[in-house]
Amino acid sequence: IMVCAPNASHSPVFLLLGFSRARVSPALLFFLFLAIYLVTVIGNVTLVLLISRDSRLHSPMYYLLRGLSVIDMGLSTVTLPQLLAHLVSNYPAISAARCLAQFFFFYAFGVTDTLVISVMALDRYVAICNPLHYHSVMNRQLCACLLTLSWVVSVVHTMLHVGLLLPLYWVGDAEGNVKLPHFFCDHRPLLRASCSDIHSNELAIFLEGGFLMLGPCALIVLSYARIGATILRLPSAAGRHRAVSTCGSHLTMVGFLYGTIVWVYFQPPSQNSQEQDMVAAVMYTAITPLANPFVYSLRNKDVKSALHRLLGRGRADS
């Protein structure tokens, strides 16, 4: 248990040193993450525009997908531009106020992302298991309410953890800087670096955070269990293939997201926990938002057709 020294502070300057020991040059990392960020923004903006402009995509599933694309852009924007700035700086510092703000927005976008993905599983359940009432059940009003509820739950959850971080103290070096082995203000590095009692924080993560993680996961599992049972009862192979194809893109993203969580957090404890946190953070903030628009466009005939119509209209206009 760490003991806080007299010079401990509520609001130190944090040094984000996550990539300081990387074997790859900072210049190469800069161009790599710049390319990832630009492609992420362009891909998700394109998906949002396609869904907004093409009337054939004005259905509940695409309404939710458009919300997911906006969330993914926010998740990347919270962390990657700052990472790019720090990669070309000799002093990767961030004030305590900016650190907590980044923490808030990262978790608000991240938790909303998992909740919206679970709502999309519910949408697929209604579409396949109750297709005759799909448009009357999953209407725009219900989708808007579910998206709003996801944001409210996420913000309340994040405010709880921000409130538990505010009383903590950190001890800096001779210049008053606290070194974090991460590239943004994530929960675990902040708690590890604190000299305060963090049992309340850990209890909140285990109880409230665990419930918030298991709830969406259980909804996804139950939805797809019912979907699988319904598909097996379909009389024709063509009907089964059509039902599976409507879930393919969403299942890919679910597997990508929760596969990353299992890969990182369900391994035996080791000395590389900080490196595992970094890998998880890169997956959440860079790879998953990057993959989302491509998974839904490459595996989805409706989105590909809308893109062809948009490009064809653009060539016709020119």
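Numbering starts at 1 and runs along the chain as displayed.
Any Cβ shown, glycine's included, is placed from N, Cα and C.
These features come from TrEMBL:
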DOMAIN    43-296  domain 'G-protein coupled receptors family 1 profile'
TRANSMEM  27-51  transmembrane segment
TRANSMEM  63-84  transmembrane segment
TRANSMEM  104-122  transmembrane segment
TRANSMEM  142-170  transmembrane segment
TRANSMEM  203-222  transmembrane segment
TRANSMEM  243-266  transmembrane segment
TRANSMEM  278-298  transmembrane segment
Winner by Cβ pairs under 8 Å against the transmembrane segment (27-51), considering only 63-84, 142-170, 278-298: 63-84
Long-range environment of the transmembrane segment (203-222) - Cβ separation under 8 angstroms, sequence gap at least 6: 111, 114-115, 117-118, 121-122, 153, 157, 160-161, 164, 187, 254, 258, 261
Residues from the same chain, set at least six apart from the ends of the transmembrane segment (278-298), whose C-beta lies under 8 A from its own: 18, 33, 36-37, 39-40, 43-44, 46-47, 65, 68-69, 72-73, 75-76, 78-80, 106, 110, 113, 181-184, 186, 249, 252-253, 256-257, 260-261, 264-265, 304, 307
Average pLDDT across the domain 'G-protein coupled receptors family 1 profile' (43-296), rounded to a whole number: 85
